[in-house]
Amino acid sequence: MTNAKVLRSSFMLVILAILITLTACGGNKGNNSSSSASSPAASSASSEAASEAPKEKVTLRIASAYTPDHTFGPAIAQIIDEFTKQHPEVTVEKEFLPVAELDKKLTADRAANNLPEIFIIFPGAGTADYVKEKKIIDLSEYLNADPDWKDGFISGALDNLKFEGFPGIYAAPIGAYSTGFYYNKELFQQAGVEPPKTWDDLLAVIGKLNAAKITPMAIGASESWRSEHLFTALFYKWNGAEKAKGILSRALPYSSPEVIEPLNKMVQLVEAGAFSKNYIANNYAAEIADFNNGKAAMRYSGSWTVGESTGPNSPAGFGDKVGFFPFPYFADKEEHKDSWMGGVSDSFAVSSRAEGHQKDMAIELVKTLTSTASSKLITEMAHDLTAVKADVDPAKSGKLIAEVSKAMSTGKEFSGDISAFEPYKPANTKLYDLTQAVLLKGITPEKAAKQLDDEVAKSK
Amino acid sequence: MDRLKSRHLQIAMFLLPALLFYAVLLVYPVLRTFFLSLHEWNGFAGSKVEYVAFDNFKLVFEDEIFWKSLKNVMVVMLLSIAIQIPAGLFLALLLNGKWKGIRFFKAAFFMPVIMSATSISLLWKFILYPGDGLVDGLLMKMGLEDSIRAWLADPSINLYTVILICCWQGLGVVMIIFLSGLVSIPDAIKEAALIDGANRRQRLWFVTLPLIREAVAINVILLVIGTLKIFDNIYVLTDGGPNHATDVLGTFLYKEAFRNNRFGMASAIAVVMFLLGFVLTLVANRAMRRESLDG
């Protein structure tokens, strides 16, 4: 054998090896997809077989935002601990991350076909993809089999987890929220102002607070979901919640006055001096800190604020100084006075990858997490609303949440983030970026609306 | 002959694992990127990969954020060169002497280079934290409240803040390359200049600088390539925001792929970055070589 021949044969060997690894990768992919596409009948048959057999050891991965810092965190940890005591064969692996990180993690897991057995989803267009791709299972069969569980949810909550064209209920909600203004009663007194009812009242309050050298509002504007929430509330108060469906159906282009006017109102707030000088630098944590330390008189936020301002991480006694009023309405749009940003939020979905006893246990854990007993524990520990009815002890949950619940009962329609109505992902991302840019006065409402329409035009 | 054959086989076997890693982790993804740039794919396993010819490139070039990102990259590149070359040279000249504690300073200035970009960025995020950070705290203590800015959030300044942080981190490499250039200058030449009566400035300008041209060239090329693909610092410091004020090609690519699920378009951006890097390196190389031939 000549030198060249040896070289050539070793080269061929290397190429062969590369080809083998590449085909191995491809083959693996094929296996994955065939296993995930296995018929539901087959998987339910295997689950029956498994439940008769002695309990096999299973591992459940659960992904959520319930880190120890989250208001729900301590209660959820306690519920899971008790669950694993009752089901010793189950090992629960918590994949808990802050919301923004969680979203990225789930996107990656979804791409890699490696979704956890249980994970948090939010109602809206983004979640519909999970349903379309059959990544999560329909829970209605299990809900119907257990009326106690099904009837535990607050009225209408499960409707949020139905998706057009796909019969069934695709997750069990735990989080519920309403949004409005939380204010510091002491600072309001100092400036001699009362909680405003209309938008003009709010602007007058801002003026008086400024005159008293008190920063009117805290906002974590460096995080774009803050501006998206503000825009959502303004949109509903201006148009009513029903109008948002026009975004989904494309009947309502972004350049229409219905969208531009609420954006203009955001600019109006900035120009009225509602925020501190460096509001654009503040993140969400700074928003909480500024309000809790009495550096700002108001926050527009969700009911989770109650936990943030009365819970263990807030200054002692501060919770008693906090009051609540609904988002002010526009005097010439009084018909939308009771349209609120709120509804169901965090919901537990079960991955279609779970099989046999693992699947049974996943459903059991979701059932436990969304039981009325768990809801009571969460409400009392987190001082927050949930999507499940519970016999809550007001002495434990605090006065503020009761005040919020009372105000909330005047609401006639509740709808979540407006971004949930934007099904095209790039436009959805832009919606966040651009509401933030408008709030930072980096772009005019008209230009922002045009950019959004341009992005939508790119979708097929 | 048999011995030679078995020896070649042995060599091939030893090379195989490395070559495999190289092929699977580098060659294949690169080829796949070129392939994907001509296709539309949402990144999810099992979903359709559709051939769309050059539509992705059209999407990229029509996107305002692409041009903004490109402009930002160019600003980062030019300012990095303008800051790091003189600053690195200055440090190298200082550290090219023979005085006590020189090793400590060499290590100290090089330290940020070996730290991860994420740690560095988080560190600076704390230093620049609005209100309670070190910088704002110091300014307040000095009675300079009015000069406090939203260092990482204000779109009119945050790109410069990011650039300064990147320069601070990268300076060590530039310095070390200059130092190696300075060390290689023969003592005889320096002594000759001294005997000829050249003063400090003349020696620097007419002797040292021309002799470390190669080091300048290497530094410029490394900075061009390094800044073109900058991602990690910006991702952690500002995430490209607010409203793309600090987006660069790397963060733009990342967002298109992992937030907007447009992997085809993201691959097209990667191809554009590759071509840009290729051309710029070629140009920088040519320019530097010509200069050294002229000189």
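The first residue you see is number 1, and the count goes up from there.
Including glycine, each Cβ sits where the backbone N, Cα and C put it.
Annotated transmembrane segment per TrEMBL: B:12-31 (among others), in sequence order.
The domain 'ABC transmembrane type-1' annotation in TrEMBL covers B:70-284.
Proximity of distant same-chain residues to the transmembrane segment (B:73-95), defined by a Cβ-Cβ separation under 8 Å and at least 6 residues beyond the stretch ends, is recorded for 102, 105-106, 109, 159-160, 162-164, 166-167, 170-171, 173-179, 181-182, 204, 208, 216, 219-220, 223-224, 226-228, 230, 248-249. Among the features that TrEMBL reports, transmembrane segment is placed at B:73-95 (among others).
Annotation source TrEMBL lists transmembrane segment at B:107-127 (among others).
Listed as Cβ neighbours of the transmembrane segment (B:159-183) (distance under 8 Å, sequence separation of 6 or more from its ends, same chain) are residues 72, 75-76, 79-80, 83-85, 87-89, 91-93, 95-96, 106, 109-113, 115, 117, 120-121, 124, 128, 151-152, 208, 211-212, 214-215, 218-219, 222-223, 226-227, 230, 233-234, 237-238, 245-246. TrEMBL lists B:159-183 (among others) with the feature transmembrane segment.
Tertiary neighbourhood of the transmembrane segment (B:204-228): same-chain residues 73, 76-77, 80-81, 84-85, 88, 93, 166, 170, 173-174, 177-178, 180-182, 184-185, 189-190, 193, 198, 249, 273, 276-277, 280-281, 284-285, 288-289, 291-292, 295, selected by CB-CB distance under 8 Å and a gap of 6+ residues from either end. Annotation comment: TrEMBL describes B:204-228 (among others) as transmembrane segment.
Proximity of distant same-chain residues to the transmembrane segment (B:263-284), defined by a Cβ-Cβ separation under 8 Å and at least 6 residues beyond the stretch ends, is recorded for 33-43, 52, 55-57, 59-60, 66, 217, 220-221, 224-225, 228-229, 249-250, 252-254, 256-257. Under the heading transmembrane segment, TrEMBL lists B:263-284 (among others).
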